[in-house]
Amino acid sequence: MTDRFVAVLSGGLSHEREVSVRSGRRLSAALRSAGLTVAEWDADGGLLPRLREERPDAVVVALHGGEGENGSIQSVLEMLGVPFVGTDPRACRRAWDKPTAKAELDRVGLATPDWVALPHSTFRELGAQAVLDALVERLGLPLMLKPDQGGSALGAQVVRDATELPAAMVGCLAYADTVLAERFVEGVEVAVAVVEGPDGPRALPAVEIVPESGIYDYDARYTAGLTTYHAPARLNEGTATAVGELAVAAHRLLGLRDVSRTDAIVAPDGRVYFLEVNVSPGLTETSLLPMAVEAAGHSLGQVYAGLVERAVSRAADR
Amino acid sequence: MNLPGSQPARQQPTSGVAAAAAGSAAAAPAGSPEAAQATEQVGGQSGGRSLDPHLRRYAQRAAGMRASEVRALFAVASRPEVVSLAGGMPNLAALPLDTLATDVAELVATEGQSVLQYGSAHGLPALREQICDVMALEGISAHADDVVVTVGSQMALDMVTRVFCDPGDVVLAEAPSYVGALSTFSAYQAEVVHVTMDDEGLQPEALRQALDTLAGQGRRVKFLYTIPNFHNPGGVTLAVRRRAEILDICARHGVLVIEDNPYGLLGFSDQTYPALRSMEADNVVYLGSFSKTFASGLRVGWALAPHAVREKLVLATESATLCPPAFNQAIVSRYLARYDWQGQIKQFRAAYRERRDAMLAALDQHLPPGCSWTKPDGGFYVWLTVPEGLDTKAMLPRAVTQRVAYVPGTAFYAAGFGSRQMRLSYCYPTPERIREGVRRLASALEAEQELLHTFGARSAGGGRPEVAGGQSPSPDTA
């Protein structure tokens with residue numbers, strides 16, 4: 001296992017390029033300390049020739065947003081027959097599109113905040129104010145606006161007053177063509193990583209997120225010290241089990257592979273709500289999955305080295 | 001008519017630092033707020049893990065140093081697929097690298113023992129003489145003793161602010177002003193008050209009013225920071241007939257003038273303007289740089305200051321860096337002695353003029369009605385004002401998706417202004433890329449206008465006020 005040669009893909013052209021570059025560096029260092037040989041590659045015009053030329057044993061996708069999470073890069077890797085860590089392209093697409101993922105969970109009775117997803121064109125054609133009024137009637141206030149795709153809280157906003165809504169829509173739609181409006185659920189925000197091993201997908205300890213400002217936005221995510229984390233989360237045993245089960249259920253239901261991270265809210269009544277799932281979780285110094293790995297008593301390098309082995313043997317079985 | 005985006009001096013001077021500090025504690029307009037209630041629910045944060053164990057130890061001046069969503073977007077701008085009109089990197093393509101390589105090798109071989117050694121904090125004497133020759137092109141008569149060499153003029157600005165400003169002191173700056181200066185002022189907890197510009201640069205009447213207002217409030221104003229030639233980001237030049245008046249107003253109010261002049265030799269009609277320092281020696285600190293006329297990577301700049309100030313700057317430099325890099329100074333000195341540096345500057349001018357022309361023509365051709373922009377006669381930048389209701393900061397993600405980047409106007413104000421403006425730089429991309437970039441920008445503007453039309457509202461602009469620097473690209477962004 002120690003003579004594996006892996007390529008870590010990071011960077012890309014999404015809005016989350018900077019985060020991805022940091023994830024890539026951190027993951028590469030972790031894999032090297034686990035004894036693997038690592039090349040760090042960007043997802044650009046040089047990628048395909050490099051893959052054909054240098055033939056890594058496996059690829060680890062540390063791209064965030066766009067190509068890295070919507071299944072595009074995974075499709076290319078599959079076409080080339082390159083083993084890779086992570087979810088296959090079709091399931092990536094399901095998880096990447098937040099309304100689709102929520103609908104899948106809702107369908108089997110798992111709780112997720114009530115939502116409406118609407119493209120810009122609907123507002124344009126039917127009249128924005130009338131549609132916004134209907135939105136508020138249905139979901140109430142405050143409500144959460146997010147681009148339907150993408151991460152790192154980019155473009156996400158909480159709207160507490162209906163008069164803020166048009167401006168918040170404009171801000172959100174600068175990131176994507178479709179907005180996901182969700183009923184705002186109060187509670188404790190947790191992130192639950194799921195890692196697959198020989199006995200299937202297992203949840204790592206949940207990480208609880210307490211941003212100093214109350215808002216877990218881009219700054220709070222990537223400025224060390226602006227957010228306090230509790231790993232494991234301060235939940236009673238029953239709730240801790242429930243969030244773990246939710247994350248594993250989402251992982252299985254959406255057909256995810258190897259690793260994922262589910263973001264959820266624990267409401268004051270103890271009910272756990274699914275928010276979204278990430279097929280390429282952040283791996284930076286301030287990211288949640290590495291904290292969960294550490295809380296479980298593992299090292300990031302070991303965990304990903306194990307996933308590399310899974311990817312390699314999957315390809316060999318084919 | 002005011003320069004697009006200019007603002008009158010404020011009645012209530014606002015500190016970028018104070019605004020940012022308040023923002024971090026209070027503002028809650030944006031972000032992913034599922035966690036908002038978690039804090040209350042959970043109560044204290046005891047037992048949790050902060051990822052920065054030093055958090056409680058930082059000085060107040062570090063309060064604004066944080067990750068920024070806008071800055072993160074510039075990471076994408078560095079990729080070749082994106083046309084970056086955001087950076088300020090000089091175009092070095094015209095430099096004679098082969099012969100420079102030989103010269104530098106010879107420098108090490110023959111003078112290695114001295115140029116690889118510490119130097120004086122004051123700077124290399126021969127270079128200080130040569131700097132006086134450079135400044136003579138803009139009418140300055142100076143003694144080499146009054147020149148202090150610094151690590152780029154940015155360091156000179158830092159040293160000047162360090163020497164003059166206590167927390168809470170007021171610094172006057174043009175509206176808008178250079179983002180790097182604003183972040184230096186905020187680092188020393190000085191408060192910036194902006195003064196209006198128009199097509200002829202800083203308005204004397206606005207300056208007078210600002211000083212009177214501040215005097216009435218009992219505020220202590222330390223200096224006027226001004227970029228008279230080919231302004232960054234404004235793209236305008238202070239009219240020669242206004243220069244004496246500006247100096248006179250400052251002298252009467254007992255306010256020092258910091259004249260920052262990195263672009264003065266980059267006039268597109270080979271024109272230069274008399275430096276403020278050429279008209280007044282005792283109340284002006286002049287900042288100069290080789291970054292735009294030779295090589296930005298060497299980080300060699302300077303301050304020319306009245307002798308008493310110069311003594312303080314030398315001591316301040318010594319405590320900051322011991323001395324500016326002797327090796328880099330020797331390279332610049334050798335370059336000035338052995339090369340046709342004025343001819344080289346002419347080549348730079350021609351290259352930048354061609355790019356400026358490409359940008360202005362493309363803006364004329366592609367931008368939707370309701371946009372206006374400055375037409376620089378030199379330097380690197382165009383200052384663009386977009387139609388009412390658009391917010392350039394909120395629009396940046398859309399532009400990046402269209403593969404073009406710019407710097408939102410809010411970066412160039414201490415707080416609160418510039419949401420309808422952006423800075424476009426034409427210094428680095430080729431004319432062809434500039435045309436393509438403007439075409440993409442136009443399509444982003446049109447899409448954003450359509451969105452605005454749908455919702456009949458301007459964007460909230462998102463997020464808390466940021467300390468200058470959080471919204472601008474790093475220096476190595478193309």
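Note that Cβ sites are derived from N, Cα and C of the backbone, with glycine treated the same way.
Long-range C-beta contacts of A:Glu16 (active site), restricted to its own chain and to partners at least six residues apart, with a cutoff below 8 Å, comprise A:His64, A:Gly65, A:Gly66, A:Gly150, A:Gly151, A:Ser152, A:Leu154. Mapped onto three states, the DSSP output places A:Glu16 (active site) in coil. Annotated active site per TrEMBL: A:Glu16 (among others), in sequence order.
The domain 'ATP-grasp' (A:102-309) scores a mean pLDDT of 94 in the predicted structure. Residues or ranges marked as domain 'ATP-grasp' by TrEMBL: A:102-309.
As annotated by TrEMBL, active site applies to A:Ser152 (among others). Cβ neighbour count for A:Ser152 (active site) (all protein chains, 10 Å cutoff from its Cβ): 22.
Among the features that TrEMBL reports, Mg(2+) 1 binding site is placed at A:Asp263, A:Glu276. Neighbour list (A:Glu276 (Mg(2+) 1 binding site), Cβ cut-off 8 Å, at least 6 residues apart, same chain): A:Lys98, A:Ala101, A:Lys102, A:Thr262, A:Asp263.
According to its DSSP assignment, A:Glu276 (Mg(2+) 1 binding site) is in a strand. Per TrEMBL, Mg(2+) 2 binding site is recorded for A:Glu276, A:Asn278.
For A:Ser287 (active site), the number of other Cβ atoms no farther than 10 Å from its own Cβ, over all displayed protein chains, is 23. Annotation comment: TrEMBL describes A:Ser287 (among others) as active site.
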Rounded to a whole angstrom, what is the C-alpha distance between A:Ser287 (active site) and A:Asn278 (Mg(2+) 2 binding site)? 12
Secondary structure at A:Ser152 (active site) (DSSP, helix/strand/coil)? coil
Using a 10 Å radius around its CB, how many other CB atoms surround A:Asp263 (Mg(2+) 1 binding site)? 23
Listed in sequence order, the residues of the same chain lying six or more positions from A:Asn278 (Mg(2+) 2 binding site) whose CB sits under 8 Å from its CB are A:Glu69, A:Ala95, A:Gly151, A:Ser260, A:Arg261, A:Thr262, A:Asp263
